[in-house]
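The block underneath contains the structure these notes are about, expressed in structure tokens.
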Amino acid sequence: MKGLPVLALLLCISSLYFVGLYLFVGGFLLVRLEVNRTSSCGDVLQPAGEPVDFCHVQPRLRRAVVLIIDALKFDFARYDHSNAAPRPYENKLPVLEEVTSSRPSHSRLYPFRADPPTTTMQRIKGFTTGSLPTFVDVGNNFASSAILEDNLIHQLGQTGKRVVFMGDDTWESLFPKKFHRSLPFPSFNVKDLHTVDDGILQHLYPTMTGDDWDVLVAHFLGVDHCGHRFGPDHPAMADKLTQMNAVIRSVMERLQNDTLLVVMGDHGMTDTGDHGGESLKETDAALFLYSPAPLFPGPPSQDEPEVVPQTDLVPTLALLLGVPVPYSSVGQVLLPLFPPHGQTEGAVEGLSQLEALWINAKQVNRFLETYSSMASDIPPENLSQLRREFSRLSDQYLSWVRGGGPPPPRLLFSLQSYLSSVRDTCRATWARFNPFKMAAGLVVLAFACLTCYVLSELSVVLIQENARRLRTPVVVALVVGVSVAVAQWFARGYADVSWCLAASALTSELLFFWTAARSASWLSHPLLVPPLVVSLLRCASLLSDSYVIAEGRVVTFLLFSLALYVPVHLNWCGHLVPPTPDPLKAAGLLPSPTLSSSAVRKETTTLVGGVGLLVLSLYLSLSFHACREEQGSCRPSPFLSPLSRLQDSQLKNLHYVLSVVSLALWTYLLKRCLSHYGNLNSSGGAAFTARWILPLLSVFLGIYWAVSSTPEDNFKDLGELIRLGQLTLPRAVFCLLGLGLFLIWLDPLTVFIKLRSSPSSRTSSLPPPRYRASTSMSPQAELHHLIPQIYQRMRRSLEDGEVGEGGGADGRPAVEAYGLGTVYSAPLLLFCGLLGVGLLLLHPEGMALSFLLLLLEMGAMLYIHASSTTLRGHHSGGFTVSWPPIVMWSLASSQFFHATGHLPTFPSIQWGAAFVGFPEGHSGTILPASLVALNTFASHALFAVGCPLLLFWPLACEVRGSRGGGGGGGGRACGDEDEDAVMEMRLRENPDQFSSALLQLSTRYLFLLGAQVFASVSAAAVLRRHLMVWKVFAPKLMFEACSFLVSSVFLLVGVTLVLRVDVAVAQWFKKVIPEASR
């Protein structure tokens, strides 16, 4: 078999897709230009218009305590007196209601709206810089990098204020060496509810009573982690909110009159405890302001804002504490905290509302001018209008300052409108789309799809030529890429990698088309067969946000339709009807039919049973879908919740039993299949893995589920043992999984050899029972899957004189082998089974039933494909896998993406997978990111690595004795007598056809995946100004790109494993009979 050309071609075509995605994403994802300038004490004009040292003006407040309660949504902070039966997250912060009602001039409670993405790092960046985030920022939540823009922490430090921080260690990475004193605690372990909060409480009150601080920032994480682990509607949330209520009350008791208390949430959470998107439940947090001295003129009025944007906190705190507003802030001061002009009663002093708004407007205008001189993404007409508006307001304000008297009545409102217009303009246009990169990415991806399709049709020619015609495009593409890099270096002084890759990719694609045009035979194939049309229509539907939202059910419907299409099409072509007896055939005047009537009936029954099993699996899999925010009436599956969240003990026990039974059935079905085909008889590494490691993995996983679902509070004496189990059991599963996969790779053969030196024994149909390696097999199964002479070439070499009578002159015995007929599919099936158990570990326990349905669906599709292939007599001319099973396989990978509780939205990402086996967190980001990626794209990984099974399964299910003469298998060396089916050994009879069939199968699968990616890219490009682009189309693009990356990598893993088995088979034959080596 020509393995290297197959791998090289697959790597090349995958690289073209990667280059296209890299180019498009680089031009599409919004990346705002950061203005690396800072405000200073002398560059802000005072209301009098003279440049003075702003920082030495007496500030309104001297100190501030900022308590950030992560994920404190506004619903948690509200208090409803009429609610007689509050839920666990309701009415647990009564101190806020008590203070706002009894001391209205000292406190306020506002909804505090965040800008998406609602992840912690982006929110910290938002309420410290006052800037708006961009879509690409969501990817930085795993690896928080230092904030380079001007920010409130930097300004406080520059003016000599001592900032003390304690809590979430994300702040340390965002503001390195910026704090007067810092007490960070590990933050990313969502299962830990207490470490960060308890650490803060140990230092919070002693710090407040001391005198070595001016601004104290404490970031609590317990509420957020409780939401991730249990959801908001859980008693643990009530306990955590009650604790926060006591903390707020204690802090208020220790405040001095010149100190401001800010209690805020950085974002909200959904009903499942997640966040990251832009629904109101995720964006609406709570903001509570309090000071022992009066802050507000009186009770709340109608003029006060209903919602406070998070960016408004930055200029408000800056002006209250007497520090410059950060340079890039687009926030607007919160006017109720500043007195109207001329009113300075009581303790109210400092800047008036009009003065604060003027400083704010001048700072925002300065940033707008600086940004517009560095970037051109703000529309010129909007920029000109804003400039004219500010010039008009500046004239009005300065005229009032020079003339004295009362301010113009509408000046206050006009300044507010100007600041709102600037923020709205930035929010709408703060995007640096690069149309050239986007266009280049689209072209490269389109050509990559066409290249992949042509490559699949030319697979036979390319394998015969040993892929020589592709050497020229690759070499020329490399030369062109290097030439572009050199030209850029001399012209600009640097080389842009993007354009070098674009030039190389386009050159290689165009040259390939030129060479392929000389082989026009592929053009004779039908381009649009019905299953391919279904797949392409599904790609076209990605241009509709409604179809993307309902994609899980759409894909299920399409897969159901194709499952029914297969038997209908076979019946239409007459393949399901047993052949009618013909007297001429009995006389030998016509060739005998390929399949007998009994064989047709048997295969038809198998086909109908497979379709029924597939339909049942599809129906049941709908019970495991999650819900998008847009699906208002949808209720998420109860199996998506970990067992630790369930409060009903009977329901928890039921879910656990179902999960364990599903896991046991997964293991049993895999072992039963391998045993049925005689692959458990050998003593090699793969058979050892199937007999021992696979069951052991299942046992450890079942125990881990029991341990992880046990609440530590109920078993305090066993708390340490439970924590030890949560640490060691999943790590043991990881180690066993790695060992099993390594043994499969090291020794993939599952063949058991039996040697017989007696000539009489060579003619026996069955080996003596005492020599059976697997007593669970029936004699009929042994007979069916036994290849008495292993191989036709081996038989001829044995019978043509290499072995003499009575065992041969050299004493060479006759040989029998078990499992040789499924030598390729067995290790691949076992690899998929082991990988599935490992991926199940990263999911909630309830997903075990969904994974079992995935296995049944896989098996149903394989048997449907095998039966339809047999009924059509497809192998009479080669091993080509037709489009219908490949399309069904690709649709199933997407269908089970949704059936394992995933959605193409960021809030649906199951971050808890990063801490399976690592409850204390990680020191780096690669491992947790990999675990989350494997959790998210588990179905894509399983179906990609198992894709070669579509080539092997029709051979593994070959009807014994159904094919006469030499017509079966495209070159099967058969004698005149009826022989046992050689099954997958046909592939070694035809190594070139084997290689070309494997290449064609892989490229067809990549073509379908690439078409989905191209459709998502096209939708994002065409609809980049659509209302739903950042909520629907951009996340869909990111998930499709990541799923293609995972699928292509695991497809290469599966193909590489097949090549490894082929090498092992060749070595095995060389040992048994050197002349049989290929």
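Glycine residues also receive a Cβ, built from the backbone N, Cα and C atoms like all the rest.
Now, the feature entries from TrEMBL:
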type	residues	note
TRANSMEM	6-31	transmembrane segment
TRANSMEM	442-464	transmembrane segment
TRANSMEM	470-490	transmembrane segment
TRANSMEM	523-543	transmembrane segment
TRANSMEM	607-627	transmembrane segment
TRANSMEM	653-670	transmembrane segment
TRANSMEM	728-746	transmembrane segment
TRANSMEM	823-842	transmembrane segment
TRANSMEM	849-866	transmembrane segment
TRANSMEM	937-956	transmembrane segment
TRANSMEM	1005-1023	transmembrane segment
TRANSMEM	1043-1061	transmembrane segment
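Here the transmembrane segment (823-842) does not lie next to the transmembrane segment (470-490) in space: the count of CB pairs under 8 Å, restricted to residues six or more apart, is fewer than 3.
Sequence-remote contacts of a segment are chain residues at least 6 beyond its ends whose Cβ falls under 8 Å from one of its Cβ atoms, and for the transmembrane segment (470-490) they are 8-9, 12, 462, 496, 499-501, 503-505, 507-509, 511-512, 515. Here the transmembrane segment (607-627) has Cβ contacts under 8 Å with residues 552-553, 556, 559-560, 563-564, 566-567, 570, 576, 634-637, 639-640, 846-847, 849-850, 853-854, 856-857, 859-861, 863-864, 867-868, 871, 895-896, 898-903, 908 of the same chain, all six or more residues outside its ends. Highest Cβ pair count under 8 Å relative to the transmembrane segment (653-670), across stretches 728-746, 849-866, 937-956, 1043-1061: 849-866.
Between the transmembrane segment (937-956) and the stretches 442-464, 728-746, 849-866, 1005-1023, 1043-1061, Cβ pairs under 8 Å are most numerous for 1043-1061. The transmembrane segment (1043-1061) shares more Cβ pairs under 8 Å with 6-31 than with any other stretch in the list 6-31, 442-464, 1005-1023. At the 8 Å Cβ cutoff, the transmembrane segment (442-464) and the transmembrane segment (6-31) share at least 3 close pairs (sequence separation 6 or more) and count as touching.
Beyond the ends of the transmembrane segment (6-31), by six or more residues, the same chain brings 134-136, 430-438, 440-445, 447-448, 451-452, 455, 462-463, 467, 470, 474, 498, 501-502, 504-505, 508-509, 995, 998-999, 1002-1003, 1006, 1010, 1013, 1017, 1020-1021, 1024, 1034, 1037, 1041, 1044-1045, 1048, 1051-1052, 1055-1056, 1059 to within a C-beta distance below 8 angstroms of the stretch.
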